Amino acid sequence: MDPPAGAARRLLCPALLLLLLLLPPPLLPPPPPPANARLAAAADPPGGPLGHGAERILAVPVRTDAQGRLVSHVVSAATSRAGVRARRAAPVRTPSFPGGNEEEPGSHLFYNVTVFGRDLHLRLRPNARLVAPGATMEWQGEKGTTRVEPLLGSCLYVGDVAGLAEASSVALSNCDGLAGLIRMEEEEFFIEPLEKGLAAQEAEQGRVHVVYRRPPTSPPLGGPQALDTGASLDSLDSLSRALGVLEEHANSSRRRARRHAADDDYNIEVLLGVDDSVVQFHGKEHVQKYLLTLMNIVNEIYHDESLGAHINVVLVRIILLSYGKSMSLIEIGNPSQSLENVCRWAYLQQKPDTGHDEYHDHAIFLTRQDFGPSGMQGYAPVTGMCHPVRSCTLNHEDGFSSAFVVAHETGHVLGMEHDGQGNRCGDEVRLGSIMAPLVQAAFHRFHWSRCSQQELSRYLHSYDCLLDDPFAHDWPALPQLPGLHYSMNEQCRFDFGLGYMMCTAFRTFDPCKQLWCSHPDNPYFCKTKKGPPLDGTMCAPGKHCFKGHCIWLTPDILKRDGSWGAWSPFGSCSRTCGTGVKFRTRQCDNPHPANGGRTCSGLAYDFQLCSRQDCPDSLADFREEQCRQWDLYFEHGDAQHHWLPHEHRDAKERCHLYCESRETGEVVSMKRMVHDGTRCSYKDAFSLCVRGDCRKVGCDGVIGSSKQEDKCGVCGGDNSHCKVVKGTFTRSPKKHGYIKMFEIPAGARHLLIQEVDATSHHLAVKNLETGKFILNEENDVDASSKTFIAMGVEWEYRDEDGRETLQTMGPLHGTITVLVIPVGDTRVSLTYKYMIHEDSLNVDDNNVLEEDSVVYEWALKKWSPCSKPCGGGSQFTKYGCRRRLDHKMVHRGFCAALSKPKAIRRACNPQECSQPVWVTGEWEPCSQTCGRTGMQVRSVRCIQPLHDNTTRSVHAKHCNDARPESRRACSRELCPGRWRAGPWSQCSVTCGNGTQERPVLCRTADDSFGICQEERPETARTCRLGPCPRNISDPSKKSYVVQWLSRPDPDSPIRKISSKGHCQGDKSIFCRMEVLSRYCSIPGYNKLCCKSCNLYNNLTNVEGRIEPPPGKHNDIDVFMPTLPVPTVAMEVRPSPSTPLEVPLNASSTNATEDHPETNAVDEPYKIHGLEDEVQPPNLIPRRPSPYEKTRNQRIQELIDEMRKKEMLGKF
């Protein structure tokens, strides 16, 4: 960072100067501020910062042709044509590139942009399969107002970067400038206009864009994002070191090539719901472009090769909600209820006609409200795809990185579980798998795990709603061989860049084996990607490449799509009576598909209904006959059984044969489908099973018809011919045996038989025509509640505390007799009710009721919840279906034909609303017991007290006070560690006595800073080498060597100075300023100004009792004496004219060679004459006085002040 002008002439304050010394300069200046707040949000990384470490630059992209030549500065779709016309540029031929042959060549776009010193040539093609034909964007207002406009996706593009076709991916929109993702193998870029709404100004000098880059070693977007209730993982900083090799291997083995469209494509038609918080953040004028760009990225994620299936995410409808509706759907802090509200809302938006353009398979809801705990990004049911209510997800929108959240939650709905939770794919979590419990995927590093692929393949075939294609099949015919349109020179340019062409430096035996390319600047340096040229590439006059060989092309080897042949005649009927089916088939042989051609689309069979006449045995049950056939052939549990028909509860299993044992009641699958023409359900007399699938048939006998019978069996009737019959019979047991009560005629429907009072008797029913009992024979009474099939209909029998009930929807195919098996002499009373067509009534039947509503009726069930908890709301009556006989609530389907009463409205909760307040939960245990990363979290919610002593969560904006903190640091003490000593350094001298040093660090098991309780090992020691050689160069001169060894001394202790290494001198001229010496305790400043700080500490700490600051015991310690004393051999030469003097407080001594005197550190020393002469008696070094004076006035003042404090301390 350059200093501001005049900085040398002004005095900087110490704090500012310290920042100038310690802070590194920024990589680039920030972009200019936007014009308004809306632009400010757009200028930041999409949806907020991309995370710490994201770099940004300004760039001006331009539109080019396929060769990278400038076409226009206009990049927006709205003005691109005008820009080209303004320049009157000649038409430029823009051929399509490999992998993008879905559209006309003229629809491709090419852009050049320079990002961080790299010139990128973007090759784009329209993403024509993101927005379905007829898709709309709907604005739902506060008072039920709705505004609908067409949803256009004409400015959405996907593609790659030239030269990196297999290792790059681009998803951009050019609605208003370029916005979206540019992904390459090792890094990713986001690009968006610096300011929006300036497309009209592009033609003059281009348009400034912001480009963000995330390096491959940085954490993923926004850090790990919690999904569902996933547990936190290790930090990415530690993972980057441990997974470096694995990521390199994974990146090299996993290709991100864009998939070609396959015949087994699945299309998820999406309703995208957006609440008001998202609209307000992005702005009404920009939200549509943002949503299309976001979903374009989601679509690219589902096109990744690792998924193992080709799934298209197709937008059919976008709904933007008002503020009031948004607040009613999202319940703060309650993700389960919020998801239920969103799914219910999406279900209500569904179009009733499945053929409608806006009919959706799946709903995605985006919000910026905090619907769950802190960090929760999404919520979704598992395996809910195609379900009318459960196929929905709730997602927290937070910029383009939310694309991974949407993909993750939609993966749950498709049946995928979290990686590492219940499966064995935990090893793929750290590599950036989409279904990780925490979002760790990034645009340069993401994939679907092997478990996700397996779980998807397990369920995908059952999602029938994904099989239809919302797009019209009017695409242009694809070339039979792609190489027919590209020469080898063009393919070399696609592979290696501009200028490259086919290598001619050597002749290969067959040029179709591998494509070799070279540049004219170095024609003898040929390169290849070890792949052959495209099939159809011309390789010799009249010859073309095909499957790696240069051959003559003949019609029999070209790609050929299949086509259906003629239908065969209809075969025989599957049944002789009771309605069967007959089939006809066709073959895909006109012609057969060949050489990779498409197979025929559609079903290979067709069927018709046949043999519709009733069977002679009116009581025959076709499903029962199929089960009965196994009585003699199928043993279960080493025993034979009498098999009865059973209807499976799952509608998808009803065309598979399940039978129930009469002896044990056990239900067994016969592992086969029912015969064609079997009724799907006993509740539907017309729909039939055809090849394992239930085909809807109306009562009019038309396949696919929705026409139904009324309550008494009239097809399309209005119940006008229906009559209700009821009665009550009371009998007293007079003898043993059955007591006959009454008969119910054939044709009766909606039959209900019930005891008036609970008794010990047993109800029995007999088929009058066959004489066989269908319920409770005298010697075989089963009083347990059950559902069974008899006489071709399903019966429900219940015994509730001795009160028996029997009912069936009918119709009865024969008359039944109702009897009672008496137990005791208690009177028994039975009531019965049923509906029957008036033509089937007996003339003398006096129990006919004229009204149709005698069996069931609508009754008040409860009041709906109040629309407001306070401040005056409203609630409405909710009705349920009630049986008149006993006033029990039953399924509302029984009252479907009755007119429902109009709801009644009333006021509720008129009391005034209380002021919401912040409510905090208990702090959770600290995430760490020691170290520097411990954190505690707690829940913080805005709660509004209600009048009934309950509370509810509301939006944070309703609380006036400052939001309490939800995270805080904890347990930040250093962890226990152990001393680790390094190797000893070389001796400080080459001869004589010196010192050695070594680093001693306190480290924990994971090699982080720690605190050690044990005594620290020594960091310095003496070393003794051989005696130094004498000076024989000038015998007339005499030299003396004073050997001085440092050793701890209580009077002159050694001081510790913490640093990361030996001081190499000051690194800034500002270090000499005494006013900055107060910052020497800061490690960063001490390292920067180590020399000045050492001098300052030596002068101000005479006794050397400075202790290292708390928590800093992990640095390398360098031992230095408190006052400058010699640590190496010091040579003293006597002057010829003056007596020899030693300036170290020399005095007389009695030391001799035999009795050496000890010096200031109790180390024996000797004074050696270099020529064995007698040493001067006054050459004895003494301990220097700590009170010596200095010429520096300021330093002397500090020394005097310290001396005074020391003297006062002694007194």
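Any Cβ shown, glycine's included, is placed from N, Cα and C.
These numbers come from a predicted model, not from an experiment.
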>> Under Swiss-Prot, the annotation region 'Disordered' belongs to which of these stretches: 1148-1169, 1170-1191?
In response: 1170-1191
> If you check Swiss-Prot, which of C577, C588, C655 bonds to C615 via a disulphide?
Replying inline: C577
> Which of the disulfide-bonded residues C465, C503, C573 has its Cα closest in space to the Cα of C987 (disulfide bond)?
Replying inline: C503
> Compared by Cα position, which of the recorded positions C503, C550, N949 is the closest one to C512 (disulfide bond)?
Replying inline: C550
> When the Cα-Cα distance from C492 (disulfide bond) is computed for each of the disulfide-bonded residues C451, C1002, C1028, which gives the smallest value?
Replying inline: C451
> Cα-Cα separation of C1023 (disulfide bond) and N112 (N-linked glycosylation site), in Å?
Replying inline: 67
>> Tell me which of the disulfide-bonded residues C343, C425, C539 ends up closest to N993 (N-linked glycosylation site) in space, Cα to Cα.
In response: C425
> Helix, strand or coil: which one is C392 (disulfide bond) in, per DSSP?
Replying inline: strand
>> Going by DSSP assignments with H, G and I as helix and E and B as strand, what are the residue counts for the region 'Spacer' (723-851)?
In response: 3 helix, 70 strand, 56 coil
>> I'd like to know which of these disulfide-bonded residues, C503, C991, is least surrounded, judged by other CB atoms within 10 A.
In response: C991
> Quick one: mean pLDDT on the region 'Spacer' (723-851)?
Replying inline: 84
> Going by C-alpha positions, which of the disulfide-bonded residues (C386, C517, C545) is nearest C615 (disulfide bond)?
Replying inline: C386
> Where DSSP helix means H, G or I and strand means E or B, what are the helix, strand and coil counts for the domain 'TSP type-1 1' (561-616)?
Replying inline: 0 helix, 13 strand, 43 coil
> Across all chains shown, how many C-beta atoms besides its own are within 10 angstroms of the C-beta of N949 (N-linked glycosylation site)?
Replying inline: 6
